[in-house]
Amino acid sequence: MGNELVSLMNMILISMASLLYCYFIAPKLPKGKFRLISFLPVFSLFLVLPLYVSSAFLSSNFAFLVTWLTTFKLVLFSFNLGPLAFDSKLSFPLFASIAFLPTRIKHSKTAKYVQNQKEVGKEPRPKIPLNLPAKVVIFVMLIMGQKYYEIVDPIAKLFMNCATLYFYLDMIMCLSNVFVRLRFGVEVSQPFNEPYLATSLQNFWGRRWNQLVSETLHNVVYQPVRYEVGAPRWMAVVMVFVVSGLMHELLLYYTIRVIPTWEVTWFFVMHGLCLAVEIELKRALGKRWRIHWAVPGPLTMAFLVATAHWLLFPPLLR
């Protein structure tokens, strides 16, 4: 364990040095392809760093934070877009925190993205707000109860696995938000918006589940495919989920170090296709699509849990 922690500290130091390079090289290069090319050595480094630890926990978390999120943020930064470019006077500590941590800083572009997402599905819905201490308590209870999972109903076990994943991600991102808010005094956005109350796939993926990843993929994949390439909306949506699936498959490889079975990728591709169909149906039906949340809500959650049980969890459980 001591060697693992030393390797982790070295990985963090290398990452900080890489971000320092990006921070100082960017102002000297015009935004666009030349700045992007200058960042390629950093992207290559981030791709191999998670392999320097054998711990599945450390490797998967580092890969999520750096290999995926930091890389995508730097891709946007190379074009002077995204969270790293909204203020040219960012200090390096704040720049590194935004790049390295799973935190969404509130600014005009983020507010516009959130407002666009809120235009989808304005039907009234219940609220069950949970603060950070409550989430920590629930997560600890789920972890402590894992030894009893074998004696509970398989369906209940499946829901508990999904809940454990959600509360872990939400807790980590909320703790990151607390650090950035207290250290730099900036306003941050919540990473999740009660995904268990989703009323459709579009509502779940667009407004409720992991908004940091949603916003990043929207900027890195959806907008270029939709507006630069000129692809139809449904195709841009599917491409977002294809990229998301491949990145999750990469995270899985860092975790278990076995040849991919592509089940995780197919989970996201299937959801992308279903979401594309849902979007087109909503456009065709208009107001006739509106159904009380009590009907589509449970159906949405059942579909998410069933497909996760089918494609998402088996590679990890094996």
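Every residue gets a Cβ built from N, Cα and C, even glycine.
TrEMBL annotations:
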| type | residues | note |
| --- | --- | --- |
| DOMAIN | 191-269 | domain 'Wax synthase' |
| TRANSMEM | 6-24 | transmembrane segment |
| TRANSMEM | 36-53 | transmembrane segment |
| TRANSMEM | 65-86 | transmembrane segment |
| TRANSMEM | 128-146 | transmembrane segment |
| TRANSMEM | 158-180 | transmembrane segment |
| TRANSMEM | 234-256 | transmembrane segment |
| TRANSMEM | 293-313 | transmembrane segment |
Tertiary contacts of the transmembrane segment (6-24) (same chain, 6+ residues out, Cβ under 8 Å): 39, 42, 45-46, 49-50, 52-53, 58, 62, 66, 70, 74, 77, 92, 95-96, 99-100
Secondary structure composition of the domain 'Wax synthase' (191-269) [DSSP: H/G/I, E/B, coil]: 60 helix, 0 strand, 19 coil
Cβ contacts under 8 Å made by the transmembrane segment (158-180) with residues that lie 6+ beyond its boundaries: 61, 94, 97-98, 101-105, 132, 135-136, 138-139, 142-143, 145-146, 149, 152, 186, 188, 190-192, 195-196, 210, 212, 304-305, 308-309, 313
Integer mean pLDDT for the domain 'Wax synthase' (191-269): 91
Same-chain residues at least 6 beyond the ends of the transmembrane segment (234-256) whose Cβ lies under 8 Å from its Cβ atoms: 50-51, 56, 59-60, 63-64, 67-68, 213, 217-218, 220-222, 225-226, 262, 264-269, 271-273, 275-277, 279-280, 315-316
